[in-house]
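*Asks:* Copied straight from TrEMBL:
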TRANSMEM  71-91  transmembrane segment
TRANSMEM  127-148  transmembrane segment
DOMAIN    173-307  domain 'P-type ATPase A'
TRANSMEM  332-352  transmembrane segment
BINDING   ASP417, LYS418, THR419, GLU540, PHE582, LYS606, ARG635, THR715, GLY716, ASP717, ARG797, LYS803, ASN826, ASP827  ATP binding site
BINDING   ASP417, THR419, ASP823, ASP827  Mg(2+) binding site
REGION    458-482  region 'Disordered'
COMPBIAS  458-472  compositional bias 'Low complexity'
DOMAIN    850-1077  domain 'P-type ATPase C-terminal'
TRANSMEM  884-904  transmembrane segment
TRANSMEM  910-932  transmembrane segment
TRANSMEM  962-982  transmembrane segment
TRANSMEM  988-1009  transmembrane segment
TRANSMEM  1016-1036  transmembrane segment
TRANSMEM  1042-1068  transmembrane segment
Amino acid sequence: MADNIQLHPVRKSSKKHLYYNSGRHSRYQLEDEASHLDEMPLMMSEEGFENDESDYQTLPRARVNQRQRGLGWFLLGGWKILCTSCCEWLAHTCRRKKELKARTVWLGCPEKCEEKYPRNAIKNQKYNIFTFVPGGFVLAVTMVREAVDEVRRYRRDKEMNSQLYSKLTVRGKVQVKSSDIQVGDLIIVEKNQRIPADMIFLRTSEKNGACFIRTDQLDGETDWKLKVAVACTQRLPALGDLFSISAYVYAQKPLLDIHSFEGNFTREDTDPVIHESLSIENTLWASTVVASGTVIGVVIYTGKETRSVLNTSHAKNKVGLLDLELNRLTKALFLAQVVLSVVMVALQGFVGPWFRNLFRFTVLFSYIIPISLRVNLDMGKAAYGWMITKDENIPGTVVRTSTIPEELGRLVYLLTDKTGTLTQNEMIFKRLHLGTVSYGTDTMDEIQSHIVQSYAQVSSQSNGSSNSSTPSRKPQTAAPKVRKSVISRIHEAVKAIALCHNVTPVYESRTTVNGETEYTEADQDFSDDNRTYQASSPDEVALVRWTESVGLTLVNRDLTSMQLKTPAGQILTFHILQIFPFTSESKRMGIIVREEATGDITFYMKGADVAMTSIVQYNDWLEEECGNMAREGLRTLVVAKKSLSEEQYQDFENRYNQAKLSIHDRALKVAAVVESLEREMELLCLTGVEDQLQADVRPTLELLRNAGIKIWMLTGDKLETATCIAKSSHLVSRNQNIHIFRPVSNRGEAHLELNSFRRKHDCALVISGDSLEVCLRYYEHEFVELACQCPAVVCCRCSPTQKAQIVRLLQQHTANRTCAIGDGGNDVSMIQAADCGIGIEGKEGKQASLAADFSITQFKHIGRLLMVHGRNSYKRSAALGQFVMHRGLIISTMQAVFSSIFYFASVPLYQGFLMVGYATIYTMFPVFSLVLDQDVKPEMALLYPELYKDLTKGRSLSFKTFFIWVLISVYQGGILMYGALLLFESEFVHVVAISFTALILTELLMVALTIRTWHWLMVVAEFFSLGCYVASLAFLNEYFDLAFITTPAFLWKVSVITVVSCLPLYIIKYLKRKFSPPSYSKLST
């Protein structure tokens, strides 16, 4: 990072800081800090932070002397403070939201609820009847467009709210709409069905009383979460017994946090009363999907009180940057109109009723304000949306918000989700490395043949030794070291991968005559066609699927055992003695199993190379091969094993159980016991799994980077996974360093880590959501300034709310346009907060796609959407807007010249139909045809994405280009008016005929001058408008002398004035293009 950036702590008085924190949840709010920390330079040694964070709170704080309040205080301004306080209190009372409270929910009895809870309906609409109608009739076109968008949103919401669910009642099952579900209802959710409301998990068809759910719509994680049913209700013999018991659930008030829950389940009709504590593992949050079995739950939160809606920001009215720029220019034009009117009255000498004259001049110059600008732009936006939808190169693209297509051409930051957006969320086993030999996808058949051969040898040996008494339990470590054959090494590696995991095979259900769903007995039916694997990580499923493909199949698993099927169909049973689950701290998982046939006890372990290097025996290849696989974008796991004797295991088990019972430092003692086993383990193999990227992700990201767009990846996934995908997708280039921001929990740690980070140059940043929260709490401005200089930023473990906060942070601190792209429900907040939201319709559902401004089917389509359609929309609207302003300015200039010559008389130059025709039929079609113009061909825009950088600078529409158009309008208006006055001979009506005809021709020629690429419809529009004007001359005898306009004198005078008004501009344009051509013209030639 640049060393010259000074870092200063965020002051509490900072407006930006207060603005950012005001919308934040209470846990983000700052506590009072010691004043000396605010004065402390950020480049400080570590000694300054030896004290604990709590020391900050004990330092002395400034005391505020309260002023005595009396009559004097009231008279000297206190009354103002009181009035202000009363107004604020009144406003707060009117706007106050309903207070959220904890609740008691009776099972199956919604009518017992003490309060009225919100409807379980989804609402993405932005308006209601009171906020929509006052838009005014002036903006009729805008209202129609917004109404169409709103109707589409309503239809999408209605589709979601109309989904049918089975509700359990005393009379049996009834079908109920999602929007009609109430707190207290008992709802049945089938496999692969979306959970409609937040529920407590009561029962499941799974025999073990647990089920898996997919939460990718909620937190972006593809890991399946294991949920446990309430034991009391799971034990009930039948579903109907839920109504024969008297039970209720106490649930805490609705909160944002999706990872925690506190509640109680109480059954009153037993003696003693049954109480069960409820935690996050007993909940089924809305927008998650049931992955196994059928579940029954009682609804506790509905509608806007569900976790998913609380974590979703409300849809806002998005206004494009170009619209804001045009609004500023319109304000400048209004000021010019007022000033010009005042100048005219001043030059009159303020004689007579000058107020009336001022008003008349204001009306005469009203054409300076382009009233038709909004209509033209809205029609243009509709045309751009139609072109995007009809583009065959990006099929399936939908424009859901038609007000901001120009934003696609002004983006500086792209914030993207990872799972399902950059990746397909499909793990594929790619590489197995044994140290001396490596196997890839094309040599997996060799492994299969080795496995068949090895198990054939094992079965023959077991048959030959069947006469022997008890199996030998002597550990392998006692045997002398002998170089093992490749077959035995592959055998051990595949066996380790097939056993060391937390995967559960699940078999599809069959329906009985009674309609009850039951599952086939796993130990009786191991058919491959109906087996699916469930696990907390897709990597593990990929490994188990691979072992199945090479001949060793996991066919059954419960809490105490698992069974493998060999290529010959033999079933091997292993008893699970201990499991050590994967944690982000340990970065490894282990399992101790006993093989039933031999009684051998083996400790298997797999994990990240950083954790396993010190655990396995010395080798000279592991580090190098891990690096090679990482460069290929593969996610690596090191697999090792250790054979244990019965005595060794018993000793370990005793120490392990003792550690688990300890009261003090339990976690540390347990970890120490496990680590005693993790020594000198035998390295079996290194595996490489690929999370398949979406099609053409790498070239698309490279295209966006070359276009000057900075890409931030925001994901709820683990740090290691996010870093791996950042490398494999080339979001971080190969020669780029990565700075992994250390976990920080207080101000001192954040202070030191930021110092460390600012010394790095040109490196990508990887930071977790927790550390980001701490940095933003104390050093918001400094962190954003440093992060914005990084070529790429990866934020992992981000909650949906945090993603939206990062978007708002960039908008606030950089004032640049942001785009968010995602495909899951957890991305909706981010998409709605960004200036431009893009949703991908993928495996994670339609929620992000429906809430976005633009919906695409593949990530690669974003390249064409931005480079081609974004460019064209911005360039065309900029040209169209400025030309509509020019059209009003030129006729206002002519009016000003006319009034000046005729003693500042407030008399209109053109009246009646001439003014109406000028703004509509005579010039409307050629001007609007500018929406078909393009400066660069689509192929060229995609080949040279660097052209996009110019768009972000806003040079196509700025005060500079605006003043150039003002000068053109003043010049042409002056020439047209003075020329007509110089060349007319006898009657004033000839001035009107000459000047108006020259004006129409000038406007048509100026459109031709502005166009860069001709379209056949542009030619049609030019000649159609000219034909309409010539044809209408026969009916304009009220304004023109028909005898005069048919004479040669009229024709040559009009021609001369038109040439003088347009020819110099053509010459200037030619010279500028020759000596200072724009970048795109260099490419096109």
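Each Cβ is built from the backbone N, Cα and C atoms, and glycine gets one as well.
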*Asks:* Could you check if the transmembrane segment (1016-1036) is in contact with the transmembrane segment (910-932), meaning 3+ Cβ pairs under 8 Å among residue pairs at least 6 apart in sequence?
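*Replies:* Checked: the transmembrane segment (1016-1036) vs the transmembrane segment (910-932), in contact.
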*Asks:* ASP827 (Mg(2+) binding site): which of the binding-site residues PHE582, ARG635, ARG797 have a C-alpha within 10 angstroms of it?
*Replies:* none
*Asks:* Work out how many Å separate PHE582 (ATP binding site) and ASP823 (Mg(2+) binding site) at their Cα atoms, rounded off.
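*Replies:* That comes out at 27 Å between the alpha carbons.
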*Asks:* In the same chain, which residue numbers or ranges, 6 or more beyond the ends of the transmembrane segment (332-352), come under 8 angstroms Cβ to Cβ?
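*Replies:* Hits for the transmembrane segment (332-352): 358, 361-362, 365-366, 368-370, 885, 888-889, 892, 896, 899-900, 904, 906, 959, 962.
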*Asks:* Who are the long-range neighbours of the transmembrane segment (884-904) in its own chain, taking Cβ under 8 Å and residues 6 or more past its ends?
*Replies:* 329, 333, 337, 340, 344, 347-348, 361, 364-365, 367-370, 372-373, 376, 910, 918-919, 923, 927, 962, 965-966, 968-970, 972-974, 976-978, 981, 995, 999, 1002-1003, 1006
*Asks:* Measure from the CA atom of ASP823 (Mg(2+) binding site) to the CA atom of ASP417 (ATP binding site) and give the result in Å, rounded to a whole number.
*Replies:* 8
*Asks:* What is the interatomic distance between the Cα atoms of ARG635 (ATP binding site) and ASP823 (Mg(2+) binding site), given in whole Å?
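*Replies:* Distance between the two Cα atoms comes out at 23 Å.
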*Asks:* Including all protein chains shown, what's the count of other C-beta atoms within 10 A of the C-beta of GLY716 (ATP binding site)?
*Replies:* 29
*Asks:* Comparing the binding-site residues ASP417, ASP823, ASP827, which residue's C-beta has the most other C-beta atoms within 10 angstroms in this structure?
*Replies:* ASP827
*Asks:* Can you check which residues sit near ARG797 (ATP binding site), meaning Cβ under 8 Å from its Cβ, same chain, 6 or more apart in sequence, and list them in order?
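*Replies:* In sequence order, THR715, GLY716, ASP717, LYS718, LEU719, SER768, GLY769, ASP770 meet the Cβ cut-off.
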*Asks:* Rounded to a whole angstrom, what is the C-alpha distance between THR419 (ATP binding site) and ASP823 (Mg(2+) binding site)?
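*Replies:* Between the Cα atoms of THR419 (ATP binding site) and ASP823 (Mg(2+) binding site), the distance comes to 8 Å.
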*Asks:* Among the binding-site residues listed here, THR419, ASN826, which has the most company in the form of other Cβ atoms within 10 Å of its Cβ?
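*Replies:* Most Cβ neighbours within 10 Å: ASN826.
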*Asks:* Return the maximum Cα to Cα distance in Å (whole number) over the record's ATP-binding residues: ASP417, LYS418, THR419, GLU540, PHE582, LYS606, ARG635, THR715, GLY716, ASP717, ARG797, LYS803, ASN826, ASP827.
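*Replies:* Maximum Cα-Cα distance: 32 Å.
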*Asks:* Specify the count of other C-beta atoms within 10 Å of the C-beta of PHE582 (ATP binding site).
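*Replies:* Excluding its own Cβ, the number within 10 Å is 20.
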*Asks:* Tell me, how many other CB atoms lie within 10 A of the CB of ARG635 (ATP binding site), whichever protein chain they belong to?
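*Replies:* A count of 22.
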*Asks:* Looking only at the domain 'P-type ATPase A' (173-307), report the model's average pLDDT.
*Replies:* 87
